[in-house]
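Trainee: What TrEMBL shows for this protein is this:
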- 1-161: domain 'Glutamine amidotransferase type-2' (DOMAIN)
- ASP74: L-glutamine binding site (BINDING)
- LEU207, VAL243, SER317, GLY318: ATP binding site (BINDING)
- GLU319: site 'Important for beta-aspartyl-AMP intermediate formation' (SITE)
Amino acid sequence: MNRLKHRGPDWSGLYQHRDSYLAHQRLAIVDPASGDQPLFNEDKSVAVTVNGEIYNHEELRKKLVNHNFRTGSDCDVIAHLYEEYGEDFVDMLDGIFSFVLLDTRDNSFIVARDAIGVTSLYIGWGLDGSVWISSEMKGLNDDCEHFETFPPGHLYTSKSRGFRRWYNPPWFSESIPSVPYDPLVLRRAFENAVIKRLMTDVPFGVLLSGGLDSSLVASITARYLAGTKAAKQWGSQLHSFCVGLEGSPDLKAAKEVADYLGTVHHEFHFTVQDGIDAIEDVIYHIETYDVTTIRASTPMFLMSRKIKSLGVKMVISGEGSDEIFGGYLYFHKAPNKEELHRETCHKIKALHQYDCLRANKATSAWGLEARVPFLDIEFINVAMSIDPESKMIKKDQGRIEKWILRKAFDDEERPYLPKHILYRQKEQFSDGVGYSWIDGLKAHAAKNVTDKMMLNASYIFPHNTPTTKEAYYYRMIFERFFPQNSARFTVPGGASVACSTAKAVEWDVSWKNNLDPSGRAALGVHLSASDAEAPLISNVPSKVIDRIPRMVEVPGVAIHT
């Protein structure tokens, strides 16, 4: 339990029945006074440990009229739903969750993970026949002969000794949808997703980078916070948080959005050396050697520590939008709507290995919870049912990346955001905190990894062989913490440019020689890419062109002019 104590500093719970053990470290968000875990049904024959939030728990309680609840915890409904519906209740849950449920009547158990994998979860098997479940790899890697990532949207039962996918939305088949784009339907769906995540009994805030996604989250939260239970407890003025190197694009944009929305804004600065000093801790907590995840996790890890020190226990963040709407800059090169849609499907299915992993573990490292409204299952169903022709980037029609999301919130009467923020070009988090951050990481790696080491990389690391010194450096650290073969296979690999899948690299022949997860690697697309300074200006509505800051890159700092 001590290996995961950082995730839940508020309570340690342990339950034993025969040879089964349930252990839980609680981060108390809803009903902090009485919701300690494990949770039980009335006669304690069913015990549950849960990591997550069930947003529709009040609605579910109304369906369980013959049940008596011990606590006000949102997760208290799980044991009672199991009593009523057996293992088929999981798709009734609207939220983020990983749980283990033990039925002491026959000593059986079930394990389930939320639809997209917002919460992290691993499963392992010991030589003695034991089955281990943990929110983090470090909770089981030393005790299991084999372990792996528990797949999102799946259920595992001890009776069947196998997995079953419980999450089966229409988009999962990757067939091309045809619902016409309706901006008001999309807007309302996202507003609902944000509003339901205001369920909290503790202080909270929003992560605000100044980009489109986090700014919309902040705008909607600020608009609807008044009148909620959270506002009555903690006040109606929203707190926002941003991190970056001095002079970075995100800091300036975030401050402007915060001023516009009237939030209590907290700006945290870090230096390249601060980030480098934290790399080993980041890899230990995030449990990956993926380059782009580590780049982005480090500033988020540093920021989360600062946020927690202020007494905040929950934040709402903007992950998932780029995967749903084709927001990464490489989508400018999508050849047709069919390819674009399939790529978005692949990106959503892989989120648990990248952005969800980062958002969950970088915050949990300090006892902070991240909520992600773009990954609301109802919102995803709406957004992924839209004819992908509407998501295509078309310069001649003034449609930039995520145009349908921008258009949905382009309200002249009650603006959600200033126009130039609403139409700001995508900045990946690891870029937006300051371009010299990535350059500094590469320089540091070059000092620690020699050319001779790179020549032998394929022998030292035959699986997912690192192709850059930066990747080699991260891999060395990862292997020191997690030396097992199983650990290596939990991390994805393959060619990528600007966060693309390997398949999308084929969209532009020039990318094959410029493989890097940074958005600046999208040559001919990013405003600060080395070969083109202004090609995207023609994509933006003419009335806001003169309000968009231009990027000039200077050693050590990214400056807007």
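Using N, Cα and C of the backbone, Cβ positions are placed for all residues, glycine too.
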Trainee: What residue among the binding-site residues LEU207, VAL243 has the most other CB atoms lying within 10 A of its CB?
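Mentor: Result of the Cβ crowding comparison: VAL243.
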Trainee: Excluding near sequence neighbours, so keeping only residues 6 or more apart in the same chain, what lies with its CB under 8 A of GLY318 (ATP binding site)?
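Mentor: Listed in sequence order: LEU207, SER209, GLY211, ASP213, SER214, LEU216, VAL217, VAL372, PHE374.
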Trainee: Fill in the CA-CA distance, the residue listed as 'L-glutamine binding site' to GLU319 (site 'Important for beta-aspartyl-AMP intermediate formation'), as an integer in Å.
Mentor: 23
Trainee: VAL243 (ATP binding site) to GLU319 (site 'Important for beta-aspartyl-AMP intermediate formation'): how many Å between their Cα atoms?
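Mentor: Cα-Cα distance, VAL243 (ATP binding site) to GLU319 (site 'Important for beta-aspartyl-AMP intermediate formation'): 16 Å.
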Trainee: Please work out the mean pLDDT for the residues of the domain 'Glutamine amidotransferase type-2' (1-161).
Mentor: 92
Trainee: Please report the number of other Cβ atoms within 10 Å of the Cβ of ASP74 (L-glutamine binding site).
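Mentor: Within a 10 Å radius of the Cβ of ASP74 (L-glutamine binding site) lie 25 other Cβ atoms.
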Trainee: Note down the number of other Cβ atoms within 10 Å of the Cβ of GLU319 (site 'Important for beta-aspartyl-AMP intermediate formation'), including every protein chain shown.
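Mentor: Around the Cβ of GLU319 (site 'Important for beta-aspartyl-AMP intermediate formation'), 26 other Cβ atoms lie within 10 Å.
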Trainee: Max CA to CA distance in Å over the ATP-binding set LEU207, VAL243, SER317, GLY318?
Mentor: 14
Trainee: For SER317 (ATP binding site), write down the residues of its own chain that are at least 6 apart in sequence and whose Cβ falls under 8 Å from its Cβ; none is a fine answer.
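Mentor: Listed in sequence order, they are VAL206, LEU207, SER214, VAL217, ALA359, ALA370, ARG371, VAL372.
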